[in-house]
Amino acid sequence: MAKVSELYDVTWEEMRDKMRKWREENSRNSEQIVEVGEELINEYGSKLGDDIWIIYEQVMIAALDYGRDDLALFCLQELRRQFPGSHRVKRLTGMRFEAMERYDDAIQLYDRILQEDPTNTAARKRKIAIRKAQGKNVEAIRELNEYLEQFVGDQEAWHELAELYINEHDYAKAAFCLEELMMTNPHNHLYCQQYAEVKYTQGGLENLELSRKYFAQALKLNNRNMRALFGLYMSASHIASNPKASAKTKKDNMKYASWAASQINRAYQFAGRSKKETKYSLKAVEDMLETLQITQS
């Protein structure tokens, strides 16, 4: 097999810099990381200096993802020699257990890490990842709640908890998690959109009105958010046809839905689609408008 450096005519410095760039971007291109990283380690290890240790870790994680346990084990052994007793290296050992589906061994290892260092967030998150991999969502939810009691500012954990609640159809608790996220990230249009979707799913006039409000907010923050635009149309349409809504509320929401449908129509007209696709897309929007007119009459 040809070497990466020969195949693409790149120097070892360029390969090292590429690995650094992938780390900074949190890239999940495991195959490329394995190809470039394995050559760096084998051919240029002596030139890498202290960079070699972070590259060993990077390559090991990619190798697990790519199914190269031989390479993952080699990198892990080198890291163990250099950093005996390191919690970070122990966590990597646990990740290898996970890849081998030795979940009980991995959890025992993470528990030992947490006994020595209760603030080790990485070990806690790996335990939660195992529960999810096993389909044990209830246990994952319990552990995430315990984690958030100590690390309330972890936005990634709040979002993960919201997703788990959605999977369990516990929409009230999912909404609470998303409210926490919106408090700290008021300009994140995706959180507004997801909160609106949860409220829409809950149903009922009050939730539908909140849903429409937050779909509109998501659009205000990002006017290219087509999912929010469709959500605005759907929520306003349902409010307009809700028997509990007042006449004024129905009339106002008919206007909102009509506006949303016209914006969807316009977006499809300007999209770079084939004529056939545009024809069917526009037909769908026209059907929306026709439905509105029928409801209004």
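Placement of Cβ uses the backbone N, Cα and C atoms for every residue, glycine included.
Taken from Swiss-Prot as is:
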type: MOD_RES; residues: Ala2; note: N-acetylalanine
type: REPEAT; residues: 87-120; note: repeat 'TPR 1'
type: REPEAT; residues: 155-188; note: repeat 'TPR 2'
type: REPEAT; residues: 192-225; note: repeat 'TPR 3'
type: MOD_RES; residues: Lys255; note: N6-acetyllysine
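Taken together, the residues of the repeat 'TPR 2' (155-188) have an average pLDDT of 97. Within 10 Å of the C-beta of the residue listed as 'N6-acetyllysine' we count 13 further C-beta atoms, all protein chains included.
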